[in-house]
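Chemist: Checked TrEMBL, it gives:
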type	residues	note
BINDING	Lys52, Lys93, His189, Lys221, Asn318, Gly322	1D-myo-inositol 1,3,4-trisphosphate binding site
BINDING	Arg128, Lys178, 210-221, Ser236	ATP binding site
BINDING	Asp301, Asp316	Mg(2+) 1 binding site
BINDING	Asp316, Asn318	Mg(2+) 2 binding site
DOMAIN	43-122	domain 'Inositol-tetrakisphosphate 1-kinase N-terminal'
DOMAIN	143-338	domain 'Inositol 1,3,4-trisphosphate 5/6-kinase ATP-grasp'
Amino acid sequence: MRLRENDDGGEKEEVVENDVTLAQNQWCPVVNAGFSSPKRLVVVGYALTTKKIKSFLQPKLEGLARNKGILFVAIDHNRPLSDQGPFDIVLHKLSGKEWRQVLEDYRQSHPDVTVLDPPDAIQHLRNRQYMLQAVADMNLSDSYGIVGVPRQLVIKREACAIPELVNQAGLTLPLVAKPLVADGSAKSHELSLAYEQFSLQKLEPPLVLQEFVNHGGVLFKVYIVGDAIKVVRRFSLPDVSKWELSKDAGIYNFPRVSCAAASADDADLDPTVAELPPRPLLEKLAKELRWRLGLRLFNLDIIREYGTRDHFYVIDINYFPGYGKMPEYEHIFTDFLLSLGQGKYKKRSG
């Protein structure tokens with residue numbers, strides 16, 4: 001079986017395959033303060049595209065993992081998954097009904113193996129109609145701020161009816177149009193900004209229309225790895241003034257809102273725009289979403305409504321994002337894998 005997947009901003013690519021069988025309870029020497037001591041390996045089987053491998057399994061990560069007793073092993077898709085390993089953790093980002101069934105069968109027959117993450121939970125984030133529902137249901141508001149989602153409308157067909165549907169829903173222009181399916185492909189990251197109602201007929205369903213919220217042209221990417229949280233700034237779409245809204249017409253297309261090259265961490269920004277969301281608010285949000293989504297590897301795109309200090313919106317959620325762009329991701333990710341592996345080994349021993 002050979003599987004393909006559209007990865008972040010990329011074309012369909014073949015996964016890398018490997019033929020490795022491990023001895024049960026494999027041990028390795030780990031150097032500590034000049035002395036070599038035996039330590040049980042945490043074996044991580046991975047099923048990723050070559051593009052994802054290149055961005056995630058960087059030499060620095062693999063080297064640090066080896067020093068900590070973590071071994072990454074490519075899953076061979078020409079052999080039954082149950083015949084490989086044994087694995088402590090299965091790390092994956094592939095799509096397709098066949099692969100989901102393979103993983104689900106493996107989870108049932110190998111309950112001691114941690115699958116990052118359950119395929120059914122991941123599917124929830126691949127449809128923007130439901131992606132933000134968990135955030136909306138939380139209705140999070142405390143002394144540190146308010147977290148919501150933009151008002152949105154799902155359009156599945158008949159572009160000619162969009163203006164009337166928008167009017168009936170009471171949405172306010174401008175509107176951000178996003179593809180309904182969020183599968184990690186380049187197309188799923190494409191956005192359009194519609195300034196006036198009648199140009200909405202030019203859009204191509206199925207899609208989601210979100211009310212555009214002015215946010216100072218900066219968004220916050222909140223990376224979540226287990227219990228760990230890391231926040232970085234990224235440049236985003238610029239604010240839209242009432243004058244621009246009255247003068248501009250039509251639809252403007254954007255291939256992608258944020259990327260590594262658009263880092264705003266070192267930019268000279270207005271402090272009211274650049275200030276990171278309060279840490280306690282993010283920790284509360286992340287903890288609740290981990291439980292509601294059933295995921296441990298994801299990130300949030302968050303914006304602060306311009307002119308406010310504490311009103312935030314989650315506008316997108318991505319599973320297994322580009323962690324290679326996250327500062328210190330090697331340490332954060334290896335600590336996470338190590339805690340999972342060691343925690344399971346202690347349970348087995350106990």
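Cβ atoms are placed via backbone N, Cα and C, with glycine included.
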Chemist: Per DSSP, what is the residue count of the domain 'Inositol-tetrakisphosphate 1-kinase N-terminal' (43-122) in each of helix, strand and coil?
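Modeler: Counting residues per DSSP class in the domain 'Inositol-tetrakisphosphate 1-kinase N-terminal' (43-122), I get 37 helix, 19 strand, 24 coil.
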Chemist: 10 Å Cβ neighbour count around Gly216 (ATP binding site)?
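Modeler: Gly216 (ATP binding site): 19 neighbouring Cβ atoms within 10 Å.
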Chemist: Calculate the distance in Å between the alpha carbons (Cα) of Lys93 (1D-myo-inositol 1,3,4-trisphosphate binding site) and Arg128 (ATP binding site), and round it to a whole number.
Modeler: 18
Chemist: What's the CA-CA gap between Arg128 (ATP binding site) and His189 (1D-myo-inositol 1,3,4-trisphosphate binding site) in angstrom, rounded?
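Modeler: If we compare the Cα positions of Arg128 (ATP binding site) and His189 (1D-myo-inositol 1,3,4-trisphosphate binding site), the gap is 12 Å.
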Chemist: The domain 'Inositol-tetrakisphosphate 1-kinase N-terminal' (43-122): mean pLDDT?
Modeler: 94
Chemist: Please work out the number of neighbouring Cβ atoms within 10 Å of the Cβ of Arg128 (ATP binding site), leaving out its own Cβ.
Modeler: 21
